[in-house]
Every structure is written in structure tokens, then in C-alpha cells.
Amino acid sequence: MANMRVKFPTLVLLLGIVFLMAVSIGIAYGEKNAIKNHERPQEREQEERDPRQQPRPRHQEEQEREHGREEERNREPSRGRSESEESREEEREQRREPSRGREQEQQPQHGRREEEEEWQPRRQRPQSRREEREQEQGSSSSSGRQSGYERREQREEREQQQEQDSRSESRRQRNPYYFSYERFQTLYKNRNGQIRVLERFDQRTNRLENLQNYRIVEFQSKPNTLILPKHSDADYILVVLNGRATITIVNPDKRQAYNLEHGDALRLPAGTTSYILNPDDNQNLRVVKLAIPINNPGNFYDFYPSSTKDQQSYFNGFSRNTLEATFNTRYEEIQRIILGNEDGQEDEEQSRGQEQSHQDQGVIVRVSKEQIQELRKHAQSSSGKGKPSESGPFNLRSDEPIYSNKFGNFYEITPDRNPQAQDLDISLTFIEINEGGLLLPHYNSKAIFVVVVDEGEGNYELVGIRDQERQQDEQEQEEVRRYNAKLSEGDIFVIPAGHPISINASSNLRLLGFGINADENQRNFLAGSEDNVIRQLDKEVKQLTFPGSVEDVERLIKNQQQSYFANAQPQQQQQREKEGRRGRRGLSFPFRSLFTKLLSTIM
């Protein structure tokens, strides 16, 4: 009992202490709310003004409340603390900073930039009375911080841009012979169509220096549209890849119009004024042109007689006196009829009740049905079968393909058969590879081919040799390098002379090729039953060249019975066929026995 008497007062004392602690916690919680709601209005207003800030986690709010309570104690009359106490307080605050940084790193990466902007001002809050006084100096310091934020954002944008440039540079280094659809630059664009040009070939690598004077131009237009007359300081070889077109070529003494369809090609000499019409009511027009500049290697310019929002008329370049003497009339009349008003708008009385003028539309304009009929009235069609003419259009598939089997077709018009491209030393090829087909490995003896993906998807593998400088530094690595890429419509790739290449189609693939330096070019296949240079080697040379025996080499070479085109996955197809036959045999017996048992039960 004595022990019970001793323990009972102790128990009462402990309960009293617990009660006092609970009351203290409640008071402290109320103080924290008061600090949050009353002592930090500036921070709350800043948060309301900045919509980018996200809701803060609870552990950050508790740390901020603790920091606010410490600041409140600093503002109380008992601020006459010693410098040692302030230094200890600053040390404790500095020790909290690494933990805050770790907690910030543990948060999700989504919205990282907004979180950094939310986190940064907290690290800049005054942590001593000296910093508090500096903060109270006025708006000059806040404007300085704002400029610091802007500089930080600009620096981040520059770093992101540099990272993107480095990634694109690395892609170019991986395969400098491949140009995706996005590598085109837009020259003109409006709601009726666009004109784009591919970046220069020699900007990718010095291995394509011989292509510095060749550019690829693409023209697309919607139905019932016309590209306004112009001439250029470049020779063109244009090919229609989609839709129909009517092109009119204007010379000093005559005008000639031609109707073009898919696969039709035409030589357009430099300085020739021309305009292209899309007469179709439903189908878009797509034309690809190989440009060979005359004045400046790699650069060419289009000259328009009309003024639009995209460009000025070349008549604008002449002086007033020259124009008046040229047209033998007043300048105001010339400006009204040819140049248009200086502000690029028609008079209000002229524009009222009329359709949108061609000056507002740009270089690609809409045309009416009546205008289309007049433009096509005297147009001629392509030459069809046979050798291309000296002036008119010709079709790339007019003759029989030079290579053909069930997996694909290969059409080619060489310079000696094409009077229009003979002086340019350019050949034209059109390749059709059926789905699952493979254009067998081969190389060109002297021609450089620029290939445009007309339709379909696939991939190609190009074999090259490392640079001699790299070979000296990396002698332990192989010299041969494979360049490969996935192909889709609009992509472009280059096949240098002497570089073996193979192309396979994951869907029906159509390719247009421009052969540069194509005169007397020879195509050498490395596999297949025909035109196989490996097959023509002497047996003694085969024995010295390959590690296998002569018999094994001969058997391997003769194993491919197709020529030019073949099945891209013959082994997989054979395996699937075997599994299919095995599956049919395995399923036939159970079904037959089950059917027999069912009949016996019925009988």
C-alpha cells in the first residue's frame, strides 16, 4: 500500500505534465497559423500574383512556419541577442539548406522549371537582420532580382538550344547522307501551297563537296491553283510525283503548254519564264525539281514580274525615269497597273465587292474553272513511249524497266538517251520495290545519286569508309562503316559513287533518283544470278580472297537465284511456312478423331 501511495502522486504529476504539453502544443499551433496569416502578407501576395507557382508540399510549409516563428522572435523586444546567438542561428539555417535541396531533388521531374522558379526566391529570403535591412531598401533590389530571373531563363533557353544543336549535329555525323523531310526550308507558303528547298548537301559533310552546286526544290499546291510566272538563274529538271499539272513555258517568240502526269519529267532551262497550274479538282500537286544554279554555286534566285505580299516585282528595282521611258507612260499609271500601291493594298473602290486579289494571296493563287479551260486549251501531253524529245516532257516509265522481277522494277533514262539532260550529264531513275522486297547490294562506278522517296516506307544500308584522319587515330577499329536510316515519303538520301547500298521495303516503296556525273556510269551488283561482279572472279582469286573454300564460296554465291531484287527475309518466310505446315498436320489428326467419335456416338 505504501508503494501505491508513492506511485499515485507520481502518476497524477505525469498526467498534469502531459496536459500542459498538450496545451502548449495547441498554443504553438495557433501561433503558427497567426504567423502564416498575418506576419507574412508580402509572401502571400507574391504567391497570388505568380500563377506559375505550384502548391507546396507539407514539409516545406512546416519549414517555412518554423522560419517565420524564428523571424518573429527576432522582431520581438528581446532582439538584443548577442552576435554569437545570431551566428548560431545562421549556422542552423545553413544546415537546413542541404536538406531542402535534397527534398527538392526527390520531387517529381514534371514541371521542373516551375518548381525551380518557386524554390529560388525562398533561398534568397533574408536570413539575418543585415539582409533584412537590404531587402527593405526598396524596389531597386526587387527589379535587380527580376532581371536576374530573366537572365537565368535566357541562359536556360540558350543551353536548350545548344543541346538541340548538338543533337542535330550528332545525327548529321552519324549519317551525313540522309536528309529527313524536316530538313527543307520554306521559301513561300500560303493557304494554296508552298515552295521549299532542301539544305545544301555540302553543309553536312565535306564528302559531298561535288554536290555543292545542286539543290532539291519541292513545290506543292492545292487543287485549282496557279504559281505565278517567274524565271530563275538555275537550270531545272522537274518531275511530277503526285497529281496533274499544266506547265506553260514562255520564250521571246512563242509560248508552249504541256500537260504533265505522275512520272512525267521536263527540262526547264535557266532564265525561262514559266508558270505551273494544278487543274485537278480534288488532288494536290507535288513537283520535285533538281536545281543547278548558274551564277553562284549552291544559290539561286526567283524573279517575279508581279508584286505580292511574299516578294516584289523586279520592275520595282528600276528607277522612275527608267520605267516611264520603258513603258512610254506616266509612273502613276505603271504603278497602278503593274506595281500596285506602295502599301500593297488596292483602292477601296476597286476592292469593294471583288474577291481577294493575287497580291494578298501570294505567289500561289486560286484560279477559276474558265481560266483553267483557257490555260489547258492548247496544251500537249508527254511523248509517251520511245526516246524523249528535245523539248517536250517525257515519262520515266515510258520504256521497259532495265531490271524487273516479282519483287520490283528499275527504270532508268541515261544522258545518252535523253537530249534534254545530256549537256547536264544527269540520269533519271525510278525504282519500285514491292512490300517485303530487297534491292540487292550494288554500287555505281562514277555517278552520285540523289534519291527522293516518292511513296511508301522502308530502310536502306549504305557502306562507307572512315576518314583517313580517324583511321590513323583509331587503327584498332574497323575501317568499314554502315550508314542506315528509315525511309518515309519526302525523305532524301545520297548514294556516293563506289559506296555499296541495299534498300528494302516495309511497304510498297517508290523512289526517284537524280544521277550526277552519270555519263558512262556502270551499276555493279554484289549478289544475284546476273550482273554479279563477285561471281566473275576467278576461282583462284576467290580462294585467296575469302576464308572459305572455293566450293563453299561458289555454293554461297549461287544460293541466290534471283537477280537485282529479292525477298528481304527469305529465312523467316521459310520458317513460317514450315511452322504453318506443321501446325496444319498437328491439328488435322485430333479434329479427325473427334469427328469420328462424334459419328460413332450418333450411330
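Cβ from N, Cα, C; glycine included.
The signal peptide annotation in Swiss-Prot covers 1-30 and is backed by sequence analysis.
The compositional bias 'Basic and acidic residues' feature in Swiss-Prot is assigned to 36-105 (among others).
Residues or ranges marked as region 'Disordered' in Swiss-Prot: 36-177 (among others).
If you look up Swiss-Prot, you'll see 137-147 (among others) marked as compositional bias 'Low complexity'.
Annotation comment: Swiss-Prot describes 148-172 (among others) as compositional bias 'Basic and acidic residues'.
As annotated by Swiss-Prot, domain 'Cupin type-1 1' applies to 177-335, with the evidence given as sequence analysis.
Under the heading region 'Disordered', Swiss-Prot lists 343-363 (among others).
According to Swiss-Prot, the feature region 'Disordered' maps to 375-399 (among others). Secondary structure by DSSP for the region 'Disordered' (375-399): 1 helix, 3 strand, 21 coil.
Annotation source Swiss-Prot lists compositional bias 'Low complexity' at 381-393 (among others).
Sequence annotations record features per position, and here Swiss-Prot assigns domain 'Cupin type-1 2' to 394-554.
Other Cβ atoms within 10 Å of the Cβ of Asn504 (N-linked glycosylation site), summed over all protein chains shown, number 23. DSSP assigns Asn504 (N-linked glycosylation site) to a strand segment in the three-state reduction. Residues or ranges marked as N-linked glycosylation site in Swiss-Prot: Asn504.
Taken from Swiss-Prot, the feature compositional bias 'Low complexity' applies to 564-574 (among others).
Annotation source Swiss-Prot lists region 'Disordered' at 564-583 (among others).
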